[in-house]
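In what follows, a single structure is set out as structure tokens and then discussed.
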Amino acid sequence: MAQQQQISLPAKLINGGIAGMVGVTCVFPIDLAKTRLQNQRSGQQLYKNMMDCLIKTVKSEGYFGMYRGAAVNLTLVTPEKAIKLAANDFFRQQLSKDGRLTVFKEMLAGCCAGMCQVIITTPMEMLKIQLQDAGRLAAQQRGVPSVVSALKMGGTSAVLSRSYNTSPAPQIMRVSATQITRELLRTKGVKGLYRGLGATLMRDIPFSVVYFPLFAHLHHLGRRSPEDPAVPFYWSFMSGCLAGCIAAVTVSPFDVVKTRLQSLKKGANEETYNGVLDCIRKILRKEGPGAFLKGASCRALVIAPLFGIAQVVYVVGVGEYLLGCTP
């Protein structure tokens, strides 16, 4: 027992890393389309839908333009996924009695897991969004060259502004996530990386509350018999996909708010927001309730396979196998 507990954390880190890296590599272009669709305002729409966004991105930025910001995700997805999955397991174990959990306790465990993961999720999303949205701003700049002076980023340093240099010059200077991180830490401190923390909590806690209990019940349906707890890997995948899809669409309005708040650079005539409530009020007033579902289908397409893959790796126990202790 002691040996199993000793290797459980490294195994979960390996599981989270493998699942996250495979999932991110597969679905990151869709995530980029989601960010750009969420950030574009009514009357200034550069992209009609996800496919239109991806086609225009490839034409203007090349194939690898679809992977802007992927390095940030690939770097931080290992601890993020490990914390999320391991924390849910830990809290479920603490709240269970005789191996049984009520739905409320399952939701409470998911809530706690969602609270834990934002330590990594918030700065990861913060940096990723800046890199993903730069192409949209550049496309808008090329389409409306007269609004160069209208692009704004309150209190921003030269490094951060350079990362969004969208002038039609032949060569555009770009900076990395590391440079943006250093500049944010220098100008705004650690809180600069945690901008939008409240909105991230509003998204990730309800997501985990919906996702983990739903997955557990769907996964339980795949048991061959009450005596045999084993579940086929494809059932784990489908359960993760379905639960992830439903949870993603459920919290999509909060994801829109989070994306808007964490976007430091604004395009021409794009308003700024002073917190979650101000963001919600302005979106409702200027764009209507439908704006809260921008990118919802993209998010569902991102989350479904991402969590399907994660659950297969986690349930099958790839990390345990690699460490020489098959589950």
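We number each residue from 1, going along the chain as drawn.
Note that Cβ sites are derived from N, Cα and C of the backbone, with glycine treated the same way.
All TrEMBL annotations are machine predictions without curation.
Positions annotated as repeat 'Solcar' by TrEMBL: 7-94, 101-221, 231-320. Residues or ranges marked as transmembrane segment in TrEMBL: 192-214, 234-257, 291-314.
Residues belonging to the repeat 'Solcar' (231-320) score a mean pLDDT of 89 in the model. As a summary of secondary structure, the repeat 'Solcar' (7-94) carries 75 helix, 0 strand, 13 coil according to DSSP. Non-local neighbours of the transmembrane segment (192-214) in the same chain are 84, 88, 92, 103, 106-107, 109-111, 113-115, 117-118, 121-123, 125-127, 181, 184-185, 242-244, 246-248, 250-251, 254-255, 257-258, 261-262, 264, 275-276, 279, 307; each lies 6+ residues outside the stretch with a CB under 8 Å from one of its CB atoms.
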